[in-house]
Amino acid sequence: MQTFWSHCCREYFYDSELLMFCILIVASFQISFWTLNAALIYLDTHKTRFDKYRIQSNKPKVSLQPELVSKIRKSIVKYTITASLFTPILYLLLNIKGRVDMRGPTPPITTIIWQTLLFIFTEDTLFYWGHYLLHHKSLYKFHKEHHTYQQPIGIVAVLSDPLESLIQIQSAVWLAAALLPHKHIFTLMVWIIIRVHQTVYAHGGYNIPYVHMKHYIPSLFLGCKPHDYHHRVGKYNYGSFFSFWDKVMGTYKEPDTE
Ligand SMILES: [Zn+2]
Ligand SMILES: [Zn+2]
């Protein structure tokens, strides 16, 4: 059956599902990462009406000084090389149990929603425990680089040791998809965009109302203030999407309650 996806594969990716997977996964990450960060960099380098939502407003804005730009540039090059090598391996891993559908029709919205929710819940649990363990003194050396800045901005979301990135972050992001028998490339692209938005916003330094689910269901979601606080003090709030595990384990701290 001729579908939009099979047409794209044949016309634009030399009929190679592997090539199509790698380009669409990397593009979903890069486009969502840089779109959101462009907006955050604009806020950090201009005086705007969003200044009143800055989390660490008692400190000056993080300007893009040469030392920060150089560190971020190195980190982004390192991240891009690691991701480029990892993406073809990811394609093989996702096809061990079940397969990634690269040519079938776009799944129904209900399938996209339940699969994405499964990815979110699995990632949140694995991320919490991996992050919690990385703060143990014997493992902290792998996580130290991510904590270089106590006043984070969106682009520092990728500041991490390649080992931390592959073992802790990528395994949490992809485990549920690897175990799922049938997953469509479109659902995986939606998942990446949601995950990138979550992590960049958590490091963004702005608590802007209405743009995050935390605004609507504050008791369920972690949001950006707790992760900003995690960077400021180097402990508490180890989760990604939800505050559930932090509350169960007694590691939750809402910065306003200091
Ligand atoms: Zn940490
Ligand atoms: Zn962080």
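The backbone N, Cα and C atoms fix where each Cβ goes, glycine too.
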Residues flagged as transmembrane segment in TrEMBL, choosing from 114-134, 177-197: 114-134
Cβ contacts under 8 Å made by the transmembrane segment (76-94) with residues that lie 6+ beyond its boundaries: 18, 21-22, 25-26, 29, 100, 155, 158, 160, 162, 165-166, 170, 174, 177-178, 183, 188
Average model confidence [pLDDT] within the domain 'Fatty acid hydroxylase' (117-251): 93
